[in-house]
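Scroll down for the structure; my scribbles are underneath it.
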Amino acid sequence: MTQAATRPTAETGNDEDILAVARRQVLEGGQGLSRDQVLQVLRLPDDRLDDLLALAHEVRMRWCGPEVEVEGIISLKTGGCPEDCHFCSQSGLFASPVRSARLDIPSLVEAAKQTAKSGATEFCIVAAVRGPDERLLAQVAAGIEAIRNEVEINIACSLGMLTAEQVEQLAEMGVHRYNHNLETARSFFPNVVTTHTWEERWDTLSMVRDAGMEVCCGGILGMGETLEQRAEFAAELAELGPDEVPLNFLNPRPGTPFGDLEVMPATEALKSVAAFRLALPRTMLRFAGGREITLGDLGAKKGILGGINAVIVGNYLTTLGRPAESDLELLDDLQMPLKGLNASL
């Protein structure tokens, strides 16, 4: 399922414009850009941004089509996580204002109902944990059963790192898609997390795929990684070949080690969106957390016209998102149909 090669190709030389190469290689040939080629895209001057976004949109339309998948997420267990992901206000190791809390099953079902009413076809149950214990898995199982009895929607989960037995349990529950983000390039990961390894995350994703669930894996841009590491990350995702890549942009949270980092410039964020589309021409590329503070309304529109073909509507885990109505109105204005439930199965 690899869409891009990490090795240099004959087309990465400086004698030909990278967008001309991408038009031939990606748009016409369906082969994602390599790591070195993605780096060339990320280094394009700002006056090439409109051309880059237009090409990324063409690639998305050709290889993914016009439909946009809409997803809602809910936090089943918030805060108190033992891991030290430096961007995350849910870590119990930092002095952030987020406190540990659990959601009950009726509230979970109501959230799923509201998500389905928005036109979403995917509802993701998230927990702030290193990995699920028996109590949490039992709660997830009960929640999935209760949702299925009342709501027609695909159910995804994001519960941290899994054992082989837990992967099988989730598959048997009928989980449609499992999210576990690599977060950043392998070479930069130790700057972001020290309580577990990038390889441990990769192992979970491999087991999820082997069990027949869809793989959702992306990360957060703007955590201090270099452009070279951002290109490395795109190539690593292409090697993994996930069904979906959520792109988050760092929204610095008070009390976390990354709380004082600056927000990524909008032009840099849009170049990154387009570059990831050119590396992953057939993959669902989802706007996720941080887009509001990074891009605003105009930037969100440019992103959807620059390679994005999926969105999270409503709020995120610990930060506010755009109202679902705003995103749905934008998609309607752009004449982009929502992906139906049957098409997402």
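Positions of Cβ are set from backbone N, Cα and C atoms, glycine also.
When Swiss-Prot records Cys124, Cys157, Cys216 as binding [2Fe-2S] cluster, the matching candidate from Arg43, Arg48, Arg286, Arg291 it lists for that site is Arg286.
Counting every protein chain shown, 27 other Cβ atoms lie within 10 Å of the Cβ of Cys216 ([2Fe-2S] cluster binding site). Other Cβ atoms within 10 Å of the Cβ of Cys88 ([4Fe-4S] cluster binding site) number 25 in total over all chains. Separation of the C-alpha atoms of Cys216 ([2Fe-2S] cluster binding site) and Cys81 ([4Fe-4S] cluster binding site): 21 Å, rounded to the nearest whole number. With a 10 A radius on its CB, Cys124 ([2Fe-2S] cluster binding site) counts 24 other CB atoms from all the protein chains. Cys124 ([2Fe-2S] cluster binding site) and Cys81 ([4Fe-4S] cluster binding site) have their C-alpha atoms 18 Å apart, to the nearest angstrom. Counted over every protein chain shown, other Cβ atoms within 10 Å are most numerous around Cys157 among the binding-site residues Cys81, Cys85, Cys157. The residues near the [4Fe-4S] cluster site, meaning same-chain residues not in Cys81, Cys85, Cys88 whose C-beta sits within 8 angstroms of the mean position of the site's C-beta atoms, are Glu83, Asp84, Phe87, Ser89, Gln90, Ser91, Ala128, in sequence order.
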